[in-house]
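Visitor: My structure is below; once you've seen it, I'll send some questions.
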């Protein structure tokens with residue numbers, strides 16, 4: 001099929017088969033289509049509504065092109081879709097840092113901001129973490145600390161083809177959905193925050209197909225009526241849990257875990273300097289209760305899917321103990337120090 005065939009199909013409101021989506025994505029990533037066509041395809045897909053079959057087709061295209069890394073299938077990824085436009089600080093990033101300090105291995109897949117003011121790569125860089133270490137250095141960092149950040153452009157070089165188009169479009173696209181699925185470490189334990197409730201079933205279908213071991217797909221609402229791609233501190237959090245092929249669904253509230261309710265404004269952030277300052281204040285204990293609770297809530301879920309905690313309650317307890325004792329701050333300083341040592345030892349891997 002040529003680009004006109006793909007465009008006509010989308011303009012008619014028809015869905016792609018898995019094979020058609022793989023073919024279309026291959027053409028996009030291999031530079032067959034010009035920028036204008038790619039932008040039109042991405043916008044029309046989003047307008048039509050992406051199906052689980054289309055996401056699976058795109059997944060198989062991108063994962064075949066990825067530079068994979070050998071860590072551990074039990075490492076947890078907290079990469080979410082982003083794109084909820086709630087303006088929160090980088091909660092999943094600090095959540096993964098806290099979880100790591102409790103003994104959870106982390107293989108966080110992430111990138112610079114596309115639809116937000118500050119992506120996980122942006123805030124880690126602002127905190128002094130070099131995000132673009134070569135693969136062998138990332139393996140060393142993980143071996144010593146159990147923490148790794150998998151910078152998407154390094155492991156998915158074909159994504160450079162669409163980076164500027166995504167930035168110029170400034171809207172959610174199928175690539176937001178793919179981020180949590182194409183972890184180059186092939187993580188089988190995941191905490192996936194999604195920006196809409198409709199995506200929960202889509203991710204369930206795709207993760208079952210791709211063989212996850214234990215995943216929680218999370219979507220939440222606030223009292224203000226705002227959708228979140230992370231647990232809510234003042235409204236319901238909807239969870240689809242997948243464990244060894246079995247699926248169950250939960251709805252939880254902050255008070256179920258002894259957490260106070262806080263308005264959305266209490267956990268909002270901004271640009272990278274502001275978000276990095278919030279994370280530093282969480283690490284040193286000077287952050288607001290809301291900022292700390294949001295981080296602990298996410299860490300608790302990461303601890304649970306890792307198998308390190310028996311339940312979310314247990315995960316919350318060990319996360320709080322690690323943060324309040326100073327263990328999280330000490331562990332993150334260790335990560336930063338070794339990251340700097342590796343940075344001095346290895347040449348830049350990606351521009």
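Glycine is treated like the rest: Cβ placed from N, Cα and C.
The 5-phospho-alpha-D-ribose 1-diphosphate binding site annotation in Swiss-Prot covers 80, 83-84, 88, 90-93, 108-116, 120. The anthranilate 1 binding site annotation in Swiss-Prot covers 80, 111. For 92, 230, the entry in Swiss-Prot reads Mg(2+) 1 binding site, with the evidence type sequence analysis. Feature annotation from Swiss-Prot assigns anthranilate 2 binding site to 166; the stated evidence is sequence analysis. Swiss-Prot lists 229, 230 with the feature Mg(2+) 2 binding site.
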Visitor: Specify the count of other C-beta atoms within 10 Å of the C-beta of residue 80 (5-phospho-alpha-D-ribose 1-diphosphate binding site).
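Guide: Excluding its own Cβ, the number within 10 Å is 27.
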Visitor: Based on Cα distances to residue 229 (Mg(2+) 2 binding site), point out the closest of the binding-site residues 80, 88, 111, 166.
Guide: 80
Visitor: List the binding-site residues among 80, 109, 111, 112, 166 whose C-alpha is within 10 Å of the C-alpha of residue 230 (Mg(2+) 1 binding site), in sequence order, or say none.
Guide: 80
Visitor: Take the Cβ of residue 88 (5-phospho-alpha-D-ribose 1-diphosphate binding site) and count every other Cβ within 10 Å, whichever protein chain it belongs to.
Guide: 22
Visitor: At a 10 A cut-off on CB-CB distances, which of the binding-site residues 109, 112 has the highest count?
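Guide: Per the Cβ count within 10 Å, the most buried is 109.
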Visitor: Expressed to the nearest Å, what is the distance separating residue 92 (5-phospho-alpha-D-ribose 1-diphosphate binding site) and residue 111 (anthranilate 1 binding site) at their Cα atoms?
Guide: 13
Visitor: Between the binding-site residues 92, 111, whose Cβ has more other Cβ atoms within 10 Å than any of the rest?
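Guide: The residue with the most neighbouring Cβ atoms within 10 Å is 92.
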Visitor: Can you tell me whether DSSP puts residue 88 (5-phospho-alpha-D-ribose 1-diphosphate binding site) in helix, strand or coil?
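Guide: Strand, per DSSP.
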Visitor: Any idea what DSSP makes of residue 109 (5-phospho-alpha-D-ribose 1-diphosphate binding site), helix, strand or coil?
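Guide: Residue 109 (5-phospho-alpha-D-ribose 1-diphosphate binding site) sits in a strand per DSSP.
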Visitor: Using only C-alpha positions, which one of 80, 88, 109, 111 is spatially nearest the residue listed as 'anthranilate 2 binding site'? These are the binding-site residues in the record.
Guide: 111
Visitor: What kind of secondary structure is the residue listed as 'anthranilate 2 binding site' part of, going by DSSP in three states?
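Guide: Once the DSSP labels are grouped into three classes, the residue listed as 'anthranilate 2 binding site' ends up as helix.
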